[in-house]
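Participant: Feature table excerpt (TrEMBL):
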{"type": "REPEAT", "residues": "A:6-47", "note": "repeat 'WD'"}
{"type": "REPEAT", "residues": "A:48-89", "note": "repeat 'WD'"}
{"type": "REPEAT", "residues": "A:142-183", "note": "repeat 'WD'"}
{"type": "REPEAT", "residues": "A:187-228", "note": "repeat 'WD'"}
{"type": "REPEAT", "residues": "A:284-314", "note": "repeat 'WD'"}
Amino acid sequence: MRPILMKGHERPLTFLKYNRDGDLLFSCAKDHTPTVWFADNGERLGTYRGHNGAVWCCDVSRDSSRLITGSADQTVKLWSVQTGAQQFTFKFDSPARSVDFSVGDELAVITTDPFMEVTSAIQVKRIARDPADQNAESVLVLKGHQGRINRAVWGPLNKNIISAGEDAVIRIWDAETGKLVNQSDKENGHKKPITSLAMAEEASHFVTGSLDKSAKLWDTRSLKLIKTYGTERPVNAVAMSPLIDHVVLGGGQDASAVTTTDHRAGKFDAKFYDKILTEEIFGVKGHFGPINALAFNPDGRSFCSGGEDGYVRLHHFEQDYFSIKV
Amino acid sequence: MAAMAAAMDEIIDISSRLGIDPSTIDLDSIVLPEGENMGIISDDEMIREEDNMEFDSGFDCIIVVDNIPEVPKEKFDKLENVIRKIYSQIGVIKDDGLWMPVDNNGRTLGYCFIEFNTPQEAQLAKEKTTGYKLDRSHIFVVNMFEDFEKFMKVPDEWAPPEKEEYKPGENLQHWLTDEKARDQFVIRAGSDTEVLWNDARHLKPDPVYKRAFWTESYVQWSPLGTYLATLHRQGAAVWGGASSFNRLMRYAHPQVKFIDFSNGENYLVTYSSHEPSNPRDTHRVVLNIFDVRTGKLMRDFKGSADEFAVGGSGGVAGVTWPVFKWGGGKDDKYFARIGKNLISVYETETFALVDKKSLKIDSVMDFTWSPADPILALFVPELGGGNQPARVSLIQIPSKQELRQKNLFSVSDCKMYWQSNGEYLAVKVDRYTKTKKSTYTGFELFRIKERDIPIEVLELENKNDKIIAFAWEPKGHRFAIIHGDSPKPDISFYTMRSGHSAGRVTKLTTLKGKQANALFWSPAGRFIILAGLKGFNGQLEFYNVDELETMATAEHFMATDIEWDPTGRYVATAVTSVHEMENGFNIWSFNGKLLYRILKDHFFQFSWRPRPPTLLSPEKEEEIAKNLKKYSKKYEAEDQDVSTLLSEQERERRRALKEEWENWVQRWNKIHEEERLERQQLRDGEASDEEEEYEAKEVEVEEVINVTEEIVSFEYGQ
């Protein structure tokens, strides 16, 4: 089926997120307005106005009532999904790079960039059930990463926080005490900055994508390297199908290095890999520019990609896809 | 100092773990076992190593001049001035660098020492003034001060050298005996140099030998594939052997820049160029010719870069490599270089000029050897403003007899192309049109092996077409030309032999509008790759010239290099590090099927290991070709076996991987299940996870929309 081209953002896409039911799709871009779409037909439902900088990341609560967004304007905001009203604003001293709700939506992990004298940090905030009770205090602040932390997510049962970023090291922290529990070793780990991290549905494993032109699959508990997916482009985004053992990698030549001669040079297609055999299966072309964001619908029957070109492309899989034999 | 402190902290940390009080240990008393440095290079060693690079003894700037006049005290100053004058022309003499010893009476002893600023100057002074005639009875003898020690050690009586026991060497041709008849290639990526088998059956390369920092610039196979040569600061080295690559020989040549083997790989030419001490001077170049097997220096050539610049009447400066061209087939009998108005031909028996003199040819521009015979083809441009025509002539060596000559008019440039067996020579001639404003191109085709060497003129149908590429079919009678205008030039095939008119060149076909700018014939002939490199993004067309049909078209995006393996069975296309993206190489079958691809960052070089020519006689080869079916059966069966085995292995591997994954997931699911309650609590008792996710509940809703009461009249007894 032809992909649905979703035009609404004026600047490169940065992040995509489906809600749990898979009927809504939230998109973040370098323009200042996160947008919500119908995940089925790509119709735009509404926007969340209030940020004053590029929006890097978002997450939506399990019941799809609240949205959290992290922005380069040094704030993280809580929104009502339905009305688009701002409920609360966390203020920081540096841009917020990633946000993630915990299981139960009572905590949120936020990463902040190094900025001026401030070093990068991972901060945990308590999210009050009633927005009126919300306060800005951090439950926990973790430091130790060199450079930007591109993604931090919750481990199983909110016991751990898993973070990865520019220093190419994946770290697992204890979410109670803030102690560093485990980190990826140099030998197996990525060689260049990690750009993205996607957690499997049961949090048993996760995939990281890196500028070293590879993606790696890790065991969440032991941080054991399970698989490596080699590719020929820097990886900006990764996603895993919840239905089939597939991994999707997106990326491409850095936007500043894109030649004007031939779009094939950039490798801007989303590549599907067999998760177990680590073999490339097929590619989905379309973006004119690197892919910055990827997300799978929780039902596994569609996925979308967001590119440097400012478009979101929504693909519903054809029947053939589900019967691919490698 | 901070690093030191950190190291100290570490030591304290370790010792406390081991239960030792560090303050009780005298660190200086610790002595490492002899010959063991625990992987730590001591500071002294590092300094010593660095020193070695720069100088050996420090005396290499000093020369000793002998046979100078012996003069009394009164004339000392005069003599010193004379000598200083001679040598300061060559280089800068150090302050107090000239020392002439005297006897008790103040009479000089007939020799002096001179110290220059650099070893190069000293070397040059030695070369230039040995044999300098000050007057009839005083002819200078100049030696390096360093060499004296060597000279002193020469024993007075000659003793026969000790006979070295014969040690059987390794079989250097061992790679040719590979059971699967595979070929090797060498790649350089990053700091690693690696030799691999091309295992096309298994669709992957099979490693042979790998070494980091094997060479300091590039590597090169010898023409028959026996040796792999590497370049280093100190000189060149060759490697080879039966199982792994051992160093077989070293060739000292400081700062070597280029190397070149003779055709029969008997000799190795090394080249270096050195910055002049005086910026007004040209670069000095040094060329050495070594015997490959013994490592003996056979002859050296030294001079300014100008002397080695390519000919013409005073053309552009700059040395083009190779300086020496080897001729006369595989025997390595002759080598030649071009100079101003001359071609110097040397023979390897004596390493001297043939007949002790060079060929004098006014304004000669270019020359090439026939690949098979000792025949030179050379080109001389128009002279005297067009009064004397340009000419191409063929000269036999060592007789220096002109075999054939062709005069050409209004020529702007000539390029010569030999067919690999030396049977034909094609000369591409660019001529001016009448207005002299543009040029057009034609070909002069020489049939060397026929009587009187007949020449034929070939002009393209459209005379104004630009020639983009020309290539002979190896060992064959055909050639291909890319002509016309980019981006869609035409490609034409011609044959020197056709059924009905044996002595005439005939066109086979023209392919219109191809995206190609380079031609790559299979070394076995018959097949050719029409390639669009660089500007054409790596378009490849595999073409069968026998059937005149395209076998396959493909693309290796951004490919920069294409090389056939020496048997013509496989082709390698590579993207080297001139491009940033997708460095690596692809291996294709001869008919254009992609067999495998390897990606390597910072990919510099791909080179097939050449094979020596076949030992089979032409009759035997013909017989094999005739009974090919019989022979091929065996190999096809082998291929089949391998492919079944491979698919079976592959299936097995996949099954194992799947199983491993399933097991892992199952273990996880169990833990996941155990944690269910906890998760539920985290979610305030909301029944968590999948089961309720897609539960379809059928709910019947009854909604009362409206209720109205109406009184219905009922009458009894109607």
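Glycine is treated like the rest: Cβ placed from N, Cα and C.
Curation plays no part in TrEMBL annotations; they are all automatic predictions.
Keep in mind it's a predicted model, so treat the numbers as computed, not measured.
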Participant: Tally of helix, strand and coil residues over the repeat 'WD' (A:6-47) according to DSSP?
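Facilitator: Counting residues by DSSP class gives 0 helix, 22 strand, 20 coil.
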Participant: Please count the residues of the repeat 'WD' (A:48-89) that DSSP assigns to helix (H, G, I), strand (E, B) and coil.
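Facilitator: Split by secondary structure, the repeat 'WD' (A:48-89) comes out as 0 helix, 22 strand, 20 coil.
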Participant: Tell me, roughly as an integer, the mean pLDDT over the repeat 'WD' (A:142-183).
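Facilitator: That stretch averages a pLDDT of 90.
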Participant: Going by DSSP assignments with H, G and I as helix and E and B as strand, what are the residue counts for the repeat 'WD' (A:142-183)?
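Facilitator: Summed over the repeat 'WD' (A:142-183), the classes give 3 helix, 22 strand, 17 coil.
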Participant: How many helix, strand and coil residues does the repeat 'WD' (A:187-228) contain under DSSP?
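Facilitator: So the counts come to 0 helix, 22 strand, 20 coil.
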